[in-house]
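Annotated topological domain 'Cytoplasmic' per Swiss-Prot: 1-48, 101-115, 394-463, 575-706, in sequence order, evidence recorded as sequence analysis. What Swiss-Prot lists as region 'Disordered' is 1-20, 204-230. Swiss-Prot lists 1-18 with the feature compositional bias 'Basic residues'. Sequence annotations record features per position, and here Swiss-Prot assigns transmembrane segment to 49-69, 80-100, 116-136, 373-393, 464-484, 554-574. Positions annotated as topological domain 'Extracellular' by Swiss-Prot, on the basis of sequence analysis: 70-79, 137-372, 485-553. Per Swiss-Prot, the feature N-linked glycosylation site maps to N156, N189, N321, N349, N525. As annotated by Swiss-Prot, zinc finger applies to 646-685, with the evidence given as sequence analysis.
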Amino acid sequence: MDIKHHQNGTRGQRRKQPHTTVQRLLTWGLPVSCSWFLWRQPGEFPVTALLLGAGAGGLLAIGLFQLLVNPMNIYEEQKIMFLYSLVGLGAMGWGTSPHIRCASLLLVPKMLGKEGRLFVLGYALAAIYVGPVANLRHNLNNVIASLGCTVELQINNTRAAWRISTAPLRAMFKDLLSSKELLRAETRNISATFEDLDAQVNSETGYTPEDTMDSGETAQGREARQAPASRLHLSTQKMYELKTKLRCSYVVNQAILSCRRWFDRKHEQCMKHIWVPLLTHLLCLPMKFKFFCGIAKVMEVWCRNRIPVEGNFGQTYDSLNQSIRGLDGEFSANIDFKEEKQAGVLGLNTSWERVSTEVRDYVYRQEARLEWALGLLHVLLSCTFLLVLHASFSYMDSYNHDIRFDNIYISTYFCQIDDRRKKLGKRTLLPLRKAEEKTVIFPCKPTIQASEMSNVVRELLETLPILLLLVVLCGLDWALYSIFDTIRHHSFLQYSFRSSHKLEVKVGGDSMLARLLRKTIGALNTSSETVMESNNMPCLPQPVGLDARAYWRAAVPIGLLVCLCLLQAFGYRLRRVIAAFYFPKREKKRILFLYNDLLKKRAAFTKLRRAAILRRERQQKAPRHPLADILHRGCPLLRRWLCRRCVVCQAPETPESYVCRTLDCEAVYCWSCWDDMRQRCPVCTPREELSSSAFSDSNDDTAYAG
């Protein structure tokens, strides 16, 4: 069954018979000299290959530098060093090694694969951060600032209202303090006026202190017999009455004494003028009648009984004296405010300004971390090129060393081999059976084939989280913007504080006390009218909404990521084309191996497929959920997915499908698969009766290299 490859043609003949579609197209579209150069043998055109390869490699290195290194935040000297290094390595590699050229071109299909998606994923995350995330951060910071401004506005309004309400009281005290000197002058005048009365009350003129003590002791003795001992102290009233009585006694005594002196003086004068001895004593005898002076004692009794002192004089004097002494003190007034701060949670005592500052600092720190992470992401994106380059070299090495690696393509050379065998009358493979078509890939088909579909679906599912992240962030950004914009339009508040008062105290009269009261209580005569207007317009949030262009900028990388998932199958086909272009002999060996391997499997097709057929038949015979039967009967659109399938190729059952007639079998086959099974059901046919082969199921089958 093996086919041996004979290399017995000339170089010109090989050029006239291209084995690949790319070779056929380039031979048709390029001049003959270019075709000779592209499909030259090793050692041909060395100088031309070196110069053209070095130029192409240098240009490719410059392009990679502009794409990867230039956006990095590094010094210009380092960028220049990277540029020279990349250009030198690119020129040397492209000029001397076909492996370097192949690996470099493999970067294009690799960028369409999972490595390229990783690169685009970084840009998608950066676009999401610059778009919805940055706008969310801006709006949240704006709301935090709005809350702080609102609280500060409330505090300022409360403080202003308090100051306005207490302004009249503070103005009154200020007026009192400003009239302090005038009040002092008035009090000095009052004190000077009171000094005359005080001197008169405290004066000891008109009596002797000894008389006071004697009279006091006499009065105390007399009152001691009438009152308890605790009341022996004389009050101001009694002391003044006592002094008045003593003055009366003193005046009467002085009058009696003066009267007696007058009699003595007249007696002496009489004795001097009359010299007759007997006649002198007789005529001067009346001058000895001093006892007539005692008549003045009658006045003393009258004075004691009718003292000209009011009954409440002492109490009035004491009160007035105390008031006058109080006026001599310092006049001052102080306004003290006591502020009580209550501790917050767990005994903390933190002001709103500090909390707002801490929150703002926390937001700034998070922004700095995000900026640092974004810079690191840019560096990692540049470093992902190394992963892409490594994947390119890895594919090239696996292509050259593992003949089964990614060897599932039905190429032009495969068809040429089949045509040649058909002309020779040998067994051929084309057209492939349905079950075989699901294990290989036709590179020229513009659709995604069965071998590629599972990998594409898996990559699309891996893209789903980043897509959901974008949708959630955009939805959250739009929702928050709508909420904040509604708050801004419907939360306008106008603060209005009005205060007015009028206090008037009238003090009539022109006395000293009236003037004093007018200067003190008159300070209460104040009036004020205050209007304070304020609003919260400066504190309302000012959210920013993303426009359609911003949403597109965030969604385009995600869309590109989805497109890369769909283009991955075609990119993987392209990498095989590039490797076959640089290693045509290796490609021929791989195609020959694939053809021989499919021939062997075709010979043992029934036996190799028997295990899978039995498994699928058991799954079909298993009882289905009643809901599946209901949907199958009631929903025609779902019948294609709920109906039975061919146990070989898994095609949906049709009216033309063949159902095994063996009892308890009922395996479903499409007619082409039934013919491939040689019209014998592997389910109900013993294994020994099937076509024998030395080959069985193996894990060494060629597989799709994802």
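Just so it is clear, glycine is given a Cβ too, placed from its N, Cα and C backbone atoms.
The stretch in closest packing with the transmembrane segment (116-136), judged by the count of Cβ pairs under 8 Å and taken from 49-69, 373-393, 464-484, 554-574, is 554-574. Shown for the zinc finger (646-685): DSSP residue counts in helix, strand and coil, namely 6 helix, 5 strand, 29 coil.
Taking the C-alpha positions, the distance from N525 (N-linked glycosylation site) to N321 (N-linked glycosylation site) comes to 29 Å.
Counted within 10 Å of its Cβ, the other Cβ atoms near N189 (N-linked glycosylation site) come to 13, all protein chains included. Across the residues of the topological domain 'Cytoplasmic' (575-706), the predicted structure has a mean pLDDT of 74.
Taking H, G and I as helix, E and B as strand and the rest as coil, DSSP gives the topological domain 'Cytoplasmic' (101-115) the counts 12 helix, 0 strand, 3 coil. Using a 10 Å Cβ-Cβ cutoff, N525 (N-linked glycosylation site) registers 15 neighbours.
Of the listed glycosylation sites N156, N321, the Cβ environment within 10 Å is emptiest of other Cβ atoms at N156. Residue counts for the topological domain 'Cytoplasmic' (394-463) by DSSP state, with H, G and I taken as helix and E and B as strand, are 38 helix, 3 strand, 29 coil. In this structure the C-alpha atoms belonging to N156 (N-linked glycosylation site) and N189 (N-linked glycosylation site) are separated by 48 Å.
According to DSSP, N525 (N-linked glycosylation site) is assigned to coil rather than to any helix or strand. With respect to their backbone Cα atoms, N321 (N-linked glycosylation site) and N189 (N-linked glycosylation site) stand 14 Å from each other. Shown for the topological domain 'Extracellular' (70-79): DSSP residue counts in helix, strand and coil, namely 4 helix, 0 strand, 6 coil. Per DSSP, the topological domain 'Extracellular' (485-553) is made up of 28 helix, 20 strand, 21 coil.
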